[in-house]
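Positions annotated as substrate binding site by TrEMBL: B:ASN247, B:MET276, B:TYR305, B:HIS341, B:SER361, B:ARG362, B:GLY363, B:ASP402, B:GLY403, B:LEU404, B:ARG405, B:GLU441, B:TYR468. Residues annotated as Zn(2+) binding site in TrEMBL: B:HIS445, B:HIS509. TrEMBL lists B:CYS589, B:CYS592, B:CYS597 with the feature [4Fe-4S] cluster binding site. What TrEMBL records for B:23-100 is domain 'ThiC-associated'. Among the features that TrEMBL reports, region 'Disordered' is placed at B:123-143.
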There are 2 protein chains.
Amino acid sequence: MAANRQRSERSPLLNRETLLSYFPQSQRVYVCGTNPGVRVPFREVRQEATRLADGGRESNPNVRFYDTSGPYTDPAVPLEPGKGLPAIRLPWIEARGDSEPYFGRAAQPIDDGYLSWNHKEKAEKRNGASGGALSLPLSRQPRRAKRDAVTQLAYARRGIVTPEMEFVAIRENLGREDRVPERSDREALSFQLPGAPLGARIPERITPEFVRDEIAAGRAILPANINHPESEPMILGRNFRVKINANIGNSAIGSSVEEEVEKLVWAILWGADTVMDLSTGKDIHRIREWILRSSPVPIGTVPIYQALEKVGGRPEELSWEVYRDTLIEQAEQGVDYFTIHAGVLLRYVPLTARRRCGIVSRGGSILAKWCLAHHEENFLYTHFEEICSILRAYDVSISLGDGLRPGAIADANDEAQLAELRTLGELTQIAWKHDVQVMIEGPGHIPLQLIQENMDLELRHCWEAPFYTLGPLTTDVAPGYDHITSAIGAALIGWQGCAMLCYVTPKEHLGLPAREDVRAGVVAYKIAAHAADLAKGFPGVQEWDNALSKARFEFRWNDQFALSLDPTMARSLHDEALPQEAAKSAHFCSMCGPHFCSMKITEEVRNFAREQKISPEDALTQGLEQKAKEFRKGGAAIYP
Amino acid sequence: MAANRQRSERSPLLNRETLLSYFPQSQRVYVCGTNPGVRVPFREVRQEATRLADGGRESNPNVRFYDTSGPYTDPAVPLEPGKGLPAIRLPWIEARGDSEPYFGRAAQPIDDGYLSWNHKEKAEKRNGASGGALSLPLSRQPRRAKRDAVTQLAYARRGIVTPEMEFVAIRENLGREDRVPERSDREALSFQLPGAPLGARIPERITPEFVRDEIAAGRAILPANINHPESEPMILGRNFRVKINANIGNSAIGSSVEEEVEKLVWAILWGADTVMDLSTGKDIHRIREWILRSSPVPIGTVPIYQALEKVGGRPEELSWEVYRDTLIEQAEQGVDYFTIHAGVLLRYVPLTARRRCGIVSRGGSILAKWCLAHHEENFLYTHFEEICSILRAYDVSISLGDGLRPGAIADANDEAQLAELRTLGELTQIAWKHDVQVMIEGPGHIPLQLIQENMDLELRHCWEAPFYTLGPLTTDVAPGYDHITSAIGAALIGWQGCAMLCYVTPKEHLGLPAREDVRAGVVAYKIAAHAADLAKGFPGVQEWDNALSKARFEFRWNDQFALSLDPTMARSLHDEALPQEAAKSAHFCSMCGPHFCSMKITEEVRNFAREQKISPEDALTQGLEQKAKEFRKGGAAIYP
């Protein structure tokens, strides 16, 4: 406890009270499925009652939210950083009987990076020869398949609806059986405008069988390494809610294990659906172990980063053996998806020579350099079948990296990019042959008018595998605001069918994101994803907008804050003008002041109608004749 | 000078050095036209030379920017707050000989608001009976037309190319004669991807005659009250650069003259093309006078706000006479465009009764209340011809207000909104009959999938008059981040043909924007407008992206900052990680560190090609065979 408190003091974030304070009026609820252990977490926001004109009160229902924050915001689960999260999926994995624990690869000092000798010595001093101390205390034995693929894709193809699939179905529906939106009555809280799904086929209700079918068809993936049993299942696909990813990770310049775990918790608190650990600096293995054991969301990595560390940062010295060793190391730790830049072919590299910004993907540039140095084909491409045969034993999904994505508007949709995309389609078929789940990474810097072409070509060349894009950034000119330049593109491509939007923070192009940058990036992308869900017409998503707008219209300020994407920010901006607590129940705001508020005037009109006990439509034209009399004016002529 | 310095101390913004510090490496340049006095201002950013691999240097050209900041950033013009800006258009207006100075309406204490008696007394004490002190010292006599309309529309229809039109043509072209973009060579700085104009017809070069023709057709407006000769001409239309507007103004709750002038300068410094003064509190006349005399950009207002002040804040007591008096008062001061909610018809008001958020436009709710209270048709509608006959004498443009715009996603594109839009089309024809320039205001809260319908209906019902939208906000759920929810919609509708995007700040729905909110709103909207210009393919706009990306690729950090939309922000975020000055010339950043940078690797590949003096394409495949040898590896088999 003492150690725990000490840690809490150093890391105010990993303190239950602090975490809960960001989301007022909220409580954790669970909806159970038919499979044992399927308990899907949601956040529910309590609302005040509406004060009616006659002095009465009308209660407002709780509003339910998709919740990515896991046990961190469940007061019933002890918060013990360093102990790891509960392994909720372990019983399901064990019950399937198709995997077994084994003596995995032993952790070695080199796993934490050899980039500088100084650093190597430090690591050896700390860890001794064995390197055992790299792991957390709870360290489980890793599992792997006994024989056949243990992937959700393999199960789906065999017609098996896993507990993970049921979990996902409940989660996408917000746990409600009856989520058919009201299409006609604008006053109804469930009212929803018709979407424009642009080719998506979203049913009124997501069933476990629908989830299975989408996974079987390769149109969706459910990233769930059997060695990351702490993860709460989620799904990526065009016919589901649009998801977002947050990148964290240290670099040679800075950051520590503690900071990275904090960033993880911070990211999922604000709504990141998956997190990628892109660490490239020291302690790379140890940071990953901490992140995985602490994460209720799927974790992605780019294994080539660590492989590069193992060869001293010299791309030319990379080899299939080092890479393979890294894949196994990370698969055993529990990484849920790997970005693999297997589409950067030797013959594509020259296509980038006349670009404005060449190759901007780190992975892409590493492999391009390797290809050129050896004048050989990319070893990830030549060993792709072998990669698949490893990953299927753990259910690590593949995120086919776009190593040749454009890093400037001038380079958008060029031949280098599109040639690689076609190769990713070829690799998709190979992954599917091995029952490995796969998604496709996309750009990058793309002006608005060329975004649709990216989505169309991805669907065509990659057989409708889920698309996962970085932004795209719609202009190069605003460093410091690239969460905005890219949220614009992200909303558009999300609407067009992109399954997951990789966030961009204000620090993009300038530095590693700090905590507040992570928040700004996640919030901007939650906006983009929700705007896309509305545009696609995903059933039920407009309820959130409706509830918030009702609270706004009724001057329930505290409810408006509590229902906000970022309640703390909403309240603090309101406080800047009217900090008094009384203002939180005032029927005006600082924009117009008390005498001059359009919402107030509309409300008066409605109340007047209610007083007269006639329908608003009639009241507004008939009833006001009476009001006109009150103002001692005769019945004026109606114009025209 | 002492008074000036004292003011500068209180308002650090109105200090030349401070103002210039936000845009480093910049200088003011002018391009002159053929008409006397046509001197179009631009900002040019100086760049460092590119360091070549052979140790040589290659210079980079200055990059030119459209500049809205007026004389504030021209060191050659003395900065004398309180004296007003030079009246650059006065000679042109006088030379036309169709207007004359006259004894205008005398300013009265009531002009500054009677909303509270306390306030009235204070105003009378300060101003005495005459109220003369309300004006600034320089106060000119107002001008009005001798007989015929003095509007740019009237001139355009008569085939006259005014100096204002020539100014605008030069400005849209950035003063260059030869702005045809390079469509094939991605390496060229003028390279531009083909746009998707979606019905816009943008010529390769904007000529003064083209400007005239677009104004004559009603497809563009050039807001330029003859009593605001300080304004630098600009144009709003689908076939020109997308513009943005910033709203400022006090409320009954707070703010002062000084703060509002500061917000004006701040807004145009970051790039606002027009500014609306939406003041509703005290000192409303005096604030407007200060803003007009200090503004190089067109100023818009909503006259009904002041009219309401004059009747004690009670909409029912509004009358045509009070409104008419206010129109003349503000036209004489020099307001360039008026928002007029003449489309809020009595019969449309009931259509809003079942909305989620009723009427959210302040002007709309005032007029709805008036209509209902009197059971009479909106007096702005019944007097619309008279309004036009006043405005044509000053060249005040009309911005037909969307008083029934939706204030929630649930209310988007509903019958109230669309009925009003059709009436705005009818009013457009009336305005044009009187040679009055007109644009159309649009929403509001609109989900992505319904934005295009707004643009299509506006073009159809309003005869291609310029559209001017608030956002639109693509979701209701993110108060505190509505600059982002709305920049998404703004970029999209800008691409689709909207002429001007009215900004939304992070404070929307929460409070009056402060200085930093104004900056956040303007920057988000400059991003949206530029993204839209790129998407439409406006000639030459991609040069900015190209120049910045070139600087980024070449690690010219200072140039990257200087070319940024917000150089201060870009630099300060970079400083957070690497504050040392040396880092500004380092060939890496904190994201990947020095050993591990994709840009650096690409650069190495290119340099290698240069050393070999062969073309990059060949070098990359042939030359690297040699590099492979350097690594003491034999010629490996090429795969596949």
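Placement of Cβ uses the backbone N, Cα and C atoms for every residue, glycine included.
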Per DSSP, the domain 'ThiC-associated' (B:23-100) contains 11 helix, 24 strand, 43 coil
For substrate, with binding residues B:ASN247, B:MET276, B:TYR305, B:HIS341, B:SER361, B:ARG362, B:GLY363, B:ASP402, B:GLY403, B:LEU404, B:ARG405, B:GLU441, B:TYR468 per the record, max Cα distance (Å, no decimals) returned as 20
In the domain 'ThiC-associated' (B:23-100), averaged pLDDT is 94
Under a three-state DSSP reduction, the secondary structure at B:GLY363 (substrate binding site) is helix
Rounded to a whole number of Å, the separation of the Cα atoms of B:GLY403 (substrate binding site) and B:HIS445 (Zn(2+) binding site) comes to 13
For the binding-site residues B:ASN247, B:SER361, B:GLY403, B:ARG405, B:TYR468, proximity to chain A (Cβ under 8 Å) holds for B:SER361
A correct count of other C-beta atoms within 10 Å of the C-beta of B:ASN247 (substrate binding site) gives 24
Quick note, B:TYR468 (substrate binding site): same-chain residues at least 6 apart with CB under 8 Å of its CB -> B:LEU236, B:ASN245, B:SER399, B:MET439, B:ILE440, B:GLU441, B:GLY442, B:CYS498, B:ALA499, B:MET500, B:LEU501, B:CYS502
For B:ARG405 (substrate binding site), the number of neighbouring Cβ atoms whose distance to its own Cβ is within 10 Å equals 27
For B:HIS445 (Zn(2+) binding site) and B:ARG405 (substrate binding site), the CA-to-CA distance in whole Å is 8
So B:HIS445 (Zn(2+) binding site), by the Cβ count within 10 Å over all chains shown, scores 28
